[in-house]
Amino acid sequence: MKAVVILSGGMDSSITAYMAKKDGYEIIAVHFNYGQRTEQKELEAFRAIAGELNAKTYEIDLPFFEQIGASALIDTNIAIPKQGIEPGIPVTYVPFRNGIFLSVAAAIAEKEGADSIYIGVVEEDSSGYPDCREDFIQKMESAINAGTKPETDIKIKTPLIHLRKEDIVQLGLSLGVPLEKTWSCYESEDEACGECDSCRLRLKGFEKAGAKDKIPYKST
């Protein structure tokens, strides 16, 4: 059995990859370089986690995201919010990013004969991104299967979607995921800022799980 795992190198996607391995799949890890601020650090983390899993890898460049912009993750003229998580869709949302990622992953899955795509989206304890919602994932699965060969039957698996960050941290520790090799910060590549939404969620998760996050932080 083969599964394509969308692996950013972040904590959630890395734990998702280990879940796929636990489920008995041969892992095909796919990483996207799309002009994000922490592109090099994420790529380093991806390679480290994929190496731990002995996964076949694809590193896909999607430079057109920089032409689209419209997100603080890509456009350095838009500041990364550091006031805490607020209601609504934040400026760190990248327009339809997961839809595009899933489409590319589906093409790879069809080529490789994989029956599943794993993605580490989290609905309940996230920044409110619309492309992390379960309804969206279900509709993408239907669209993928409608637009591929008749014998293709791909399931999109989201093992973390209803978990809170502390549960995700505990799961990662129980699976032996080297969380110190993962990277979540939206802004920095040397030391995590400790203030962006992603850092705040990660730190809160470790704190509530009663565990220590071993990556370096500028501010905690």
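Note that the numbers count up from 1, one per residue, in the order the chain is shown.
Including glycine, each Cβ sits where the backbone N, Cα and C put it.
Summarising the annotation, Swiss-Prot assigns ATP binding site to Leu7, Ser8, Gly9, Gly10, Met11, Asp12, Ser13, Ser14, Ile15, Thr16, Ala17 and lists sequence analysis as the type of evidence. Annotation source Swiss-Prot lists Zn(2+) binding site at Cys185, Cys193, Cys196, Cys199, citing sequence analysis.
Everything Swiss-Prot records as a feature, shown here on the structure.
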| residue | record | CB count, 10 Å |
| --- | --- | --- |
| Leu7 | ATP binding site | 31 |
| Gly9 | ATP binding site | 24 |
| Met11 | ATP binding site | 28 |
| Ser13 | ATP binding site | 25 |
| Ile15 | ATP binding site | 25 |
| Ala17 | ATP binding site | 28 |
| Cys185 | Zn(2+) binding site | 25 |
| Cys193 | Zn(2+) binding site | 18 |
| Cys196 | Zn(2+) binding site | 24 |
| Cys199 | Zn(2+) binding site | 25 |
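For Cys196 (Zn(2+) binding site) paired with Met11 (ATP binding site), the C-alpha to C-alpha distance reads 15 Å. The Cβ centroid of Leu7, Ser8, Gly9, Gly10, Met11, Asp12, Ser13, Ser14, Ile15, Thr16, Ala17 marks the ATP site; residues of that chain outside this set whose Cβ lies within 8 Å of it are Ile49, Gly120, Thr182, given in sequence order. A Cα-Cα distance of 16 Å separates Ile15 (ATP binding site) from Cys185 (Zn(2+) binding site). Rounded to a whole number, the distance between the Cα atoms of Cys185 (Zn(2+) binding site) and Ala17 (ATP binding site) is 19 Å.
Taking only the Cα positions, the spacing between Cys199 (Zn(2+) binding site) and Met11 (ATP binding site) is 11 angstrom. Geometry remark: Gly9 (ATP binding site) versus Cys193 (Zn(2+) binding site), CA distance 17 Å.
The Zn(2+) site, placed at the center of the C-beta atoms of Cys185, Cys193, Cys196, Cys199, has further neighbours from the same chain whose C-beta lies within 8 angstroms: Ile80, Lys82, Ser184, Tyr186, Glu187, Ser188, Ala192, Gly194, Glu195, Asp197, Ser198, Arg200.
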